[in-house]
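Accompanying notes for the structure given below.
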Amino acid sequence: MLDVTLIVLCAGNSTRFEHKTKKQWIRVEDEPLWLNVTKRISSFAKFDKIIVTSHQDELNYMKNFSDDFTFVKGGETRQLSILNSLQFVTTKYVMITDVARACVPQSVIENLLNEKSSADCIVPILNVTDTVVYENDTIDRSNVKLIQTPQLSSTQVLRDALNTPIEFTDESSAIKAIDGKIKYIQGSTFSKKLTLGDELDELPCLKAPSNNFFTGTGFDIHAFEEIKDMYLGGVKLPYEYGFKAHSDGDVLIHSVIDALLGACGAGDIGEFFPDTDDKYKGIDSKLLLGQIVNFINNVGYEIVNVDLTIIAQKPKINPFKDEIKKSMAKLLRIEKQFVNVKATTAEKLGFIGRAEGVAVQSIATLKYYNWKKR
């Protein structure tokens with residue numbers, strides 16, 4: 001083995017990316033970018049361990065994609081994400097890269113590994129080819145270098161270097177600050193960092209997302225409860241009962257949430273909003289759906305349509321179907337034509353037929369966010 005751990009940093013918020021999906025979750029065919037980058041680099045060498053950092057909100061979901069990596073909750077900053085990851089590193093050396101460096105070539109990885117014992121930090125750099133101006137003065141561009149990742153460091157030296165309140169933008173800066181030895185090697189233009197959304201077309205290794213569709217179903221049922229308002233699809237219905245539930249009991253929204261989570265393979269509503277958590281007691285279900293729609297978009301999907309079946313003896317649903325469609329379209333951020341609402345009774349059979357509650361069955365269809373068309 002190499003005695004090297006690979007860390008791939010994927011916990012950022014993509015605030016400058018200007019796409020509805022976070023950069024680490026855009027699809028390359030059927031793979032999220034973080035998985036594509038991790039598999040690509042790990043194919044170039046036999047690392048002792050591979051660590052992937054994730055935003056806390058996406059950590060459990062990310063674990064669904066592979067059992068071959070160690071997933072670690074990222075920090076508020078790049079440096080904190082590295083510190084969190086270093087707790088799981090036992091090798092002498094560590095190679096750290098950013099998911100934004102999507103097309104790092106094999107030659108860079110091999111050159112880093114070949115030089116691992118020659119300095120405390122091995123750093124790929126590029127010469128500057130454009131004219132450089134600093135504070136209105138043109139400076140000698142031969143003295144300016146562009147620092148890239150991945151970088152390969154001595155694990156212990158890096159731990160010592162990051163044990164400071166000072167924030168560094170890369171490992172070499174931190175190690176240089178404690179007088180560590182830095183060695184520069186030739187970088188690559190293919191290791192360009194993806195920061196802005198319009199830079200996607202400059203990365204030749206990225207293929208467009210597939211045209212696959214993903215379908216999920218949801219089902220929820222709630223009994224009636226006195227002295228409570230009834231909400232269905234975010235619409236307040238004039239009925240004498242509400243729904244018995246930990247939240248406001250909007251059975252339609254709860255069903256849709258499960259359908260959305262099912263379509264992207266992210267579990268169910270109870271995993272995101274457990275009914276044992278007091279912060280969700282009496283909560284407006286529209287807020288819960290908003291969080292799920294944000295999650296769906298963040299991890300690379302767009303909502304195509306939903307088909308909703310409300311099963312109720314009472315109240316009568318037909319007079320409110322159009323209002324429910326409008327409400328759900330707004331909440332799901334899709335056009336009204338892509339929301340279908342059906343209503344049926346239980347023919348006076350069972351719990352629902354005795355007018356003791358309402359059930360809703362939902363089907364949701366998703367597709368990958370197509371960054372190629374933006």
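Cβ coordinates come from backbone N, Cα and C, glycine included.
Between the candidates His246, His254, Swiss-Prot assigns the divalent metal cation site shared with Asp220, His222 to His254. Averaged across the region '2-C-methyl-D-erythritol 4-phosphate cytidylyltransferase' (1-213), pLDDT in this predicted model comes to 95. Arg16 (site 'Transition state stabilizer') sits 30 Å from Ile269 (4-CDP-2-C-methyl-D-erythritol 2-phosphate binding site), taking the Cα positions as reference. Lys193 (site 'Positions MEP for the nucleophilic attack'): 15 other CB atoms within 10 A of its CB, across all protein chains. A sphere of 10 angstroms centred on the C-beta of His254 (divalent metal cation binding site) encloses 28 other C-beta atoms.
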